[in-house]
Amino acid sequence: MASQDPQRFSGVKRVYTRQDVLQLRGSVHIEYTLARMGAERLWKMLNEGGDSYVHALGALTGNQAVQMVAGGLRAIYLSGWQVAADANTAAQTYPDQSLYPADSVPKVVERINNAFQRADQIAHASGRGDVHWYAPIVADAEAGFGGNLNAYELMRAMIKAGAAGVHFEDQLASAKKCGHLGGKVLVPTKEFVAKLQAARLAADVCDVPTVLIARTDALGAYLLTSDVDDADKPFCTGERTSEGFYAIRGGIDAAIARGLAYAPYADLLWFETSDPSMEEAEKFAKAIHAKYPGKLLAYNCSPSFNWKKKLTDAQIATFQQDLGALGYKFQFVTLAGFHALNFSMFSLAREYATRGMSAYADLQEAEFAAEKLGYGAVKHQTFVGTGYFDALAQKVSEEGCSTTALAGSTEAEQFH
């Protein structure tokens with residue numbers, strides 16, 4: 001429950017005590033430096049005041065995250081969709097249906113932080129300190145991959161890997177879907193509240209002020225596992241499916257009801273949307289803030305939307321600023337890494353197929369031109385740390401090292 005900000009947990013409700021946390025923590029206090037640093041930095045950025053907001057892109061690899069920081073972004077989003085598609089520990093390509101192993105997202109968090117560490121080491125060894133490489137990572141825990149104990153363990157794994165923030169959603173884990181697919185099944189409101197409590201307890205036991213985001217899929221979900229919760233009954237139709245699920249009326253009112261129920265237990269609220277509707281965003285924000293003034297909100301600026309079909313160029317240009325004014329302090333493009341990776345490689349391959357090396361040389365020239373903007377990967381040997389490890393080799397040899405790699409390389413000769 002520790003934080004440098006005395007107001008960090010103002011308004012946050014816990015169903016357990018400090019003594020419960022200490023009892024579960026164990027006798028040895030383990031430090032989670034990257035998770036703590038990231039969480040405190042993210043929280044500070046989210047509370048800069050006014051209409052400010054933090055915007056992020058979804059990273060698929062460590063190098064993508066490094067380029068995001070080099071390009072000026074202050075935070076990283078890590079999407080479970082992208083992990084399912086191309087970065088899971090099963091080495092499979094999956095749709096976003098929680099089919100991949102539960103350790104996959106924590107492993108990518110670890111990979112990104114390792115990439116940040118190398119970038120920081122290279123810069124520090126070179127005497128450069130103008131970039132804070134350890135950007136806070138907000139990671140996707142989906143529906144927790146099971147019940148409350150699963151959510152607890154997943155949150156611990158995220159913290160161990162160095163995540164600054166984690167979001168959970170109120171779908172049934174065994175039937176979880178991307179928020180922009182059909183067939184979503186919600187769990188009762190109170191069941192998800194318990195899952196949020198499990199995630200918060202994990203952070204408290206780890207003694208890290210992890211930013212906890214609660215997402216509801218109630219806007220586009222029409223099935224519920226049980227009508228046991230009175231909070232859900234106004235949205236139940238009385239119909240049952242062949243699997244035994246309860247039919248419900250999804251929509252903005254259902255999303256607001258769940259947002260209000262989750263607000264005391266989460267740091268930010270996110271309602272998943274089917275299109276970039278400022279009208280829905282405003283209705284949700286006003287309803288939440290009427291009861292919980294200043295509650296921080298999150299918004300998925302999703303690639304599943306056809307942006308120019310839904311909005312004018314002028315509306316797109318101010319969309320995030322308008323959301324920021326409504327209190328949506330964390331905004332992100334979930335699948336940016338997936339689309340950037342696929343389109344850039346397709347474009348290069350298509351040109352290379354017809355133009356050969358001229359196509360690659362054009363790419364290289366574009367990289368050289370971007371160096372003055374802060375792009376460093378064109379010097380790929382230096383970028384991955386060859387010079388850093390040369391310095392290491394020199395320091396452990398009393399008589400000098402004759403096998404350093406960067407001196408005499410084609411990069412040293414041609415890329416200056």
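Quick reminder: no glycine exception, Cβ is built from N, Cα and C everywhere.
Here is what TrEMBL says about this protein:
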- Ser79, Gly80, Trp81, Gly179, His180, Arg215, Asn300, Cys301, Ser302, Pro303, Ser304, Thr334: substrate binding site (BINDING)
- Asp140: Mg(2+) binding site (BINDING)
- Cys178: active site, proton acceptor (ACT_SITE)
Close in space, distant in sequence - His180 (substrate binding site), Cβ under 8 Å, 6 or more apart: Gly220, Glu272, Ser274, Ser302, Ser304
Nearest-integer angstrom distance between the alpha carbons (Cα) of Asn300 (substrate binding site) and the residue listed as 'active site, proton acceptor': 12
Inter-residue C-alpha distance, Ser79 (substrate binding site) and the residue listed as 'Mg(2+) binding site' (nearest angstrom): 5
Rounded Cα-Cα span from Trp81 (substrate binding site) to the residue listed as 'active site, proton acceptor', Å: 7
For the binding-site residues Ser79, Ser302, Ser304, the one whose C-beta sees the most other C-beta atoms within 10 angstroms: Ser79
Cβ neighbour count (within 10 Å, all chains shown) around Asn300 (substrate binding site): 26
Asp140 (Mg(2+) binding site): tally of other CB atoms within 10 A of its CB: 25
